[in-house]
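What Swiss-Prot says about this one:
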BINDING   117, 133, 134, 135, 286, 287, 288  substrate binding site
BINDING   121, 131, 169, 199  divalent metal cation binding site
ACT_SITE  131  active site, proton donor
SITE      199  site 'Important for dimerization'
REGION    268-303  region 'Important for dimerization'
């Protein structure tokens, strides 16, 4: 999607809005962490004789704390081979080369950004991998962005007719339809367009939603309406993805399934390192490299 020209100017209470958004992202992180640890406890199928995983949290600082920081929450368990649920709030100035790519940064390079990012790589190949993030960005303008997408790793499950994919799509369609400022058909198409490996001419997964540059429209409720939608995206994710995990995590799998999973993970690596805007943004703004690259799966294979 082509980047729009966003109105410039910040509301008088922008600092209050920043604080509210940051607090929400941290609350959502804690909610998802608890939800995923519950999934670890509930496993009764393969590997249920192993200890359930628990998140390990680690704080990090940008520019020795002068540019903000964040909290990494990582878990390696019997349901999730690797999952990261990270929050960050960073601020500073964009580099000259990066200013032209960010709305409102050409005239004034100062920025503030806060958000949550999650990527989960399950152990069981029957359970799809997933990504979700939501964020608020402030320059001389301000906006929200985010989305969620599903990546089944088995070819027989990587279809639009698969019940996991249909449940995932339906959850976000319902969420978008509750908010006049949201546009589900556009966000769904945007997701398909964004999460696409051009060099392989194939999608990364089976889609979801993706949105960016969501700027307040006072006729549709302004900042509050946008923020409420972003909150509901997080809530919808925390409802639908655990349902998908529970529907699959007790199933058996074969060595061939595991091999296919590892090859599909390779596509994940290719996308994140070649195309992902969040990865590029984090690396170019002095983000925490360990946190940024924690999205990569723990074990991968290329044929």
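All positions are counted from 1 along the displayed chain.
Using the three backbone atoms N, Cα and C, a Cβ is placed for every residue, glycine included.
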Largest inter-residue Cα distance among 117, 133, 134, 135, 286, 287, 288 [record-listed substrate binders, Å]: 19
When distances run from the Cα of residue 117 (substrate binding site) to each of the binding-site residues 131, 169, 199, the nearest one: 131
Neighbour count (Cβ, 10 Å) for residue 135 (substrate binding site): 20
Residue 199 (divalent metal cation binding site) - helix vs strand vs coil (DSSP): coil
Overall pLDDT of the region 'Important for dimerization' (268-303), taken as the mean: 89
Residue 131 (divalent metal cation binding site) - helix vs strand vs coil (DSSP): strand
C-alpha spacing of residue 133 (substrate binding site) relative to residue 121 (divalent metal cation binding site), in angstrom: 15
